[in-house]
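Visitor: Got a structure for you, written out below as structure tokens; questions coming shortly.
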Amino acid sequence: MQSSGRIFSWTSLLRAFLSAGATLAFVACGDAKNAKDIRAGREFAVKTCSPCHIVPSQPIQEQPSRPSGPSFEEIAKGAKAAPEALRGFLLSTHSSVSHPGAMPNLGLTEDQIRLISAYVSSFRKAK
């Protein structure tokens, strides 16, 4: 009777380890995809947004001398930095900013918005 209890314990332990391993693998895959999106979002921000916004770790000589928009770190601190709020803002005519003419609607694709959102979110997580 005691040996069947040990078998049950080992079986339960094995199930727990396999479950934990599967969970970690799933999280690691998600983190790898997210890290890839963050890098791609940063590259897109440098290419598209850096004329008006400071992109952290961008060489100083490549940063706008008088940025017309907030830095990405400042954007991440705001209430509109949540992914859905940021998506809505980037798809809009930007009438909510104090000088909407300065922030054009770039006609971003859903994929580009997802990458920018991942990049902005990375600053919120870094706190």
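Using the three backbone atoms N, Cα and C, a Cβ is placed for every residue, glycine included.
Nobody curates TrEMBL annotations by hand; they come from automatic prediction.
Dumping what TrEMBL says about this protein:
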COMPBIAS  58-68  compositional bias 'Polar residues'
DOMAIN    36-124  domain 'Cytochrome c'
REGION    57-77  region 'Disordered'
SIGNAL    1-27  signal peptide
Visitor: Cβ under 8 Å to the region 'Disordered' (57-77), counting only same-chain residues 6 or more beyond its ends: which ones?
Guide: 45-46, 49-51, 86, 99, 102-103, 119-124
Visitor: DSSP-wise, what's the residue breakdown of the region 'Disordered' (57-77) into helix, strand and coil?
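Guide: Going through the region 'Disordered' (57-77) residue by residue, I get 9 helix, 0 strand, 12 coil.
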Visitor: Over the span of the domain 'Cytochrome c' (36-124), count residues by DSSP class, listing helix, strand and coil in order.
Guide: 53 helix, 0 strand, 36 coil
